[in-house]
Each structure stands twice: as structure tokens, then as C-alpha cells.
Amino acid sequence: MSELADISTMNAASEMRIAKRLVIKVGSAILCGADGVTRTAWLASLAADISALRENGCEVVVVTSGAIALGRQKLGLSGVLRLDEKQAASAAGQVALAEAWQTAFAPYQINIAQILLTLDDTEGRRRYLNARATFRTLLDLGALPLVNENDTIATSEIRYGDNDRLAAHAAQLVESDLLVILSDIDGLYTADPRKNPAAKHISVVENITPEIEKSAGGANASAGVGSGGMASKIAAAKIAGGAGCASIIAPGMVNNPLQAILNGGAATLFRPATTPASARRLWIGGRLKPAGQIVIDDGAVKALAGGASLLPAGVLAVRGSFMRGDAVELVTKRGQIIGQGLSAYYADEIRKIAGCKSDQLEAKLGYKRRPAVVEKDDLVLRTDT
Ligand SMILES: Nc1ncnc2c1ncn2[C@@H]1O[C@H](COP(=O)(O)OP(=O)(O)O)[C@@H](O)[C@H]1O
Ligand SMILES: N[C@@H](CCC(=O)OP(=O)(O)O)C(=O)O
């Protein structure tokens, strides 16, 4: 399937075939079963699928639940857990969870890298930039980022709510083009098929209408393990879609679940309303209020127009006081605003390194950092909008 494929014929399989960066969400029930024991053969089959996708050039990030389910077994906790018991279980279980994933990927010499996120990490721009840079570096180094919520410090006020939404935020953070949520069901139905046997499977959702949202009922809070329900999966698809990322809800209990999607097995595709690039352009170039200005030389103007990041060598001056992660306007020496981006440095740091070559930065700053003042992915030129 080429990238120029007619989108009206897109389904879960074709969307998966063209994905370049994929976030896969695995729930506790699929990974651990009802008894809280890791399904190792299944996990090995998923590892084979992920390894095959990576060999085809697709970058993969995994969001995995299961820490509480595994931890409660380890610590001998039973019944309904208090918040502090859940947090203790997740602390003990996260170790076992990461170990299970690392074991599954050992045959492919793929390193697992654990990232525990809290809502703050994706909502606050400075932490967002740090988290994104870490993901980017891990993917560049060929590691497989393994994400879970940082349950041990998350409180009810700051929780994402469930790992379906966490996965959508992770997809947004890494600018993924596809989110695959592996579920205990083969997609969305017109109503909950457990309660309504006449419910019909929906293979493609163009728009998440109130009717679609109503079909899911409420959250599945009473389930033994996990906490999501179909409502949280639709909410996740909505968050991802707003960032230009398509979503698939697919059956996760079967072995080789990703290969099953590629083979045309039943699943639901949620098509996004926009692309990741235009969602990002709208956010950086339109919604964020600039906190300052960076004046750049003509060489830098040319380099940015050619798709480069802004390096300190092209910086002439800095106006205002802004922080790392704030939006800044990029201005020519004649005063023309040519674009807007997220600053990778504090204003005062840029003042120290303005005009410097990249190999002089460590001596000027006293520490080592990526050289770009504004990374190309964090930059929107006026001609782009
Ligand atoms: N409209 C719907 N279509 C499909 N499943 C639904 C729908 N409404 C409610 N559900 C229920 O949601 C369940 C999936 O949510 P959940 O059990 O949390 O999944 P997982 O454990 O895979 O994260 C299904 O098994 C189904 O009973
Ligand atoms: N972070 C928690 C899982 C929370 C959650 O959303 O679970 P699930 O509904 O199984 O995806 C854990 O690792 O146990």
C-alpha cells in the first residue's frame, strides 16, 4: 500500500501497513489474565510482531499496564485495594513487568527502556520537552520505550485515569501516526455486545460523534484487573485523533495480535481529522502566546527555510525573559517575524551562547546539551501555516 492510497478505502490493516511510528497499548487483563500471571507465550508472540514491524522501519513505543496486577500477587494483597496498597503493588509489580518485557525481547537483542509518566509530564511544556527528547533519543538508539503511569506517586487528582488515555498522550508526545489499543474485544460495537447480542461491529469510525460515545456506556470500573472500559478507549481515540494520530482497537487475547490486524482480522479504525504535522503546526504556530523573541541572521533564515533547526551560531539577540519550552517568535535583523517555535533553552542561556559554534557551547554553559536553540520539529515558519 502506498502513501498515496485512496483514504476512503483505508481500514485497520492498511493504516497499520503505512504507519511509521506506532504506539501499542497492552492492558492488564491481556498481559496477566484474570489470575495475575504473565501470559509469557502470548507476550513472546507480540515481541515477534513488534520486532517484525521494526525491521520494516516502523518505530514502536509500548504502553503497558499490569504493574498492579503483578504486584498484588507478589505482595500477597487480595480484595479491593486501598490507594496506598495499589501504589505499593505497582512499585513491586513494575519490576516484574519490565522484566517480563525484557525477557520477551531478548531473542531479538532489543533493549527495553522504562518510562514512567505522570500527567504533569505531558501537560507542562518543560517536562514535555524533556520527555519527548528522551523518547527520541531512545528510538534513535534502537531501544523499545516501555511506558506506564507512575502509579507510585500519582494521586487520584493527577492520574491520567487509565492507560488508554495515557497511551493517547504518549502517542501525542512522540507524534505517532497510529495508536493500537489491544483489547479483550475485537473493536467497537453499536452497543456493548455482552449486554446486547444484536450489537453490530463497526470497522471504521470517521468521526467520534455523541452517538459513538454513547455506544460505549460507562467505564468498566468493576473489572477484576484493569480499569478502562470501551469509553476510555474512545476517549483515547479522540485525544489521539486531535493530534493527527489514527487509532485501532483490536483483539489482544489472540497470539500475534499485530500480525492478525495486518492479515485483515476484525478491528475498529478511528480516522483522525488532521495529520500530526498540521495539528502540531496549529498548536505551536497558532495557539501558544510568544513569551519573547530570538533575532536571527540571514544565514539562519535560509537554513530554517531549508528545514534545519535553529543553531546558536545564527542567533544575533534575545528579547524578553522566557523559559525552556516557552514559545518564542523568530525575527530577522530587519524586524520581520518569520515564525514561531518552542525554545529549547532559557532566554539567559541563549544570551550566553548567541553566535557560538556548537562545539563551544559546553565551555560557555558549563554543561552539555543538544545544540539546537529551537529544534526543527518545534518550529513553524509563517510560510508553513
Ligand atoms: N460499544 C461497545 N463496543 C465494544 N465493547 C464494549 C462496548 N461498550 C462496552 N464494551 C465493553 O468494553 C469491554 C472492553 O473494555 P475493557 O474490558 O476495559 O478492555 P481491556 O481490558 O481490553 O482494556 C468489552 O469487553 C465490552 O464488554
Ligand atoms: N498503571 C496500572 C494500570 C492502569 C490501567 O489502565 O490498566 P488497564 O485498564 O488494564 O489498561 C498498572 O500498571 O497496573
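Glycine too: its Cβ is placed from the backbone N, Cα and C atoms.
The shown structure was predicted, so the numbers you read here are calculated from the model rather than taken from an experiment.
Per TrEMBL, these features apply:
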{"type": "BINDING", "residues": "LYS25, SER183, ASP184, SER227, GLY228, GLY229, MET230, ALA231, SER232, LYS233", "note": "ATP binding site"}
{"type": "BINDING", "residues": "SER65, ASP151, ASN163", "note": "substrate binding site"}
{"type": "DOMAIN", "residues": "292-374", "note": "domain 'PUA'"}
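The separation of LYS25 (ATP binding site) from SER65 (substrate binding site), Cα to Cα, is 8 Å. DSSP assigns SER65 (substrate binding site) to coil, not to a helix or a strand. In the three-state DSSP reading, ASP151 (substrate binding site) counts as coil. Close contacts with ligand 1, defined as a Cβ under 6 Å from any of its atoms, occur at ASP184, MET230 among the binding-site residues LYS25, SER65, ASP151, ASN163, ASP184, MET230. In the three-state DSSP scheme, SER232 (ATP binding site) is classed as helix.
Taken through DSSP, the domain 'PUA' (292-374) splits into 26 helix, 24 strand, 33 coil.
A gap of 9 Å separates the Cα atoms of SER232 (ATP binding site) and ASN163 (substrate binding site). With a cut-off of 6 Å between Cβ and the nearest atom of ligand 2, the binding-site residues LYS25, ASP151, MET230 reduce to ASP151. DSSP assigns ASN163 (substrate binding site) to a helical segment in the three-state reduction.
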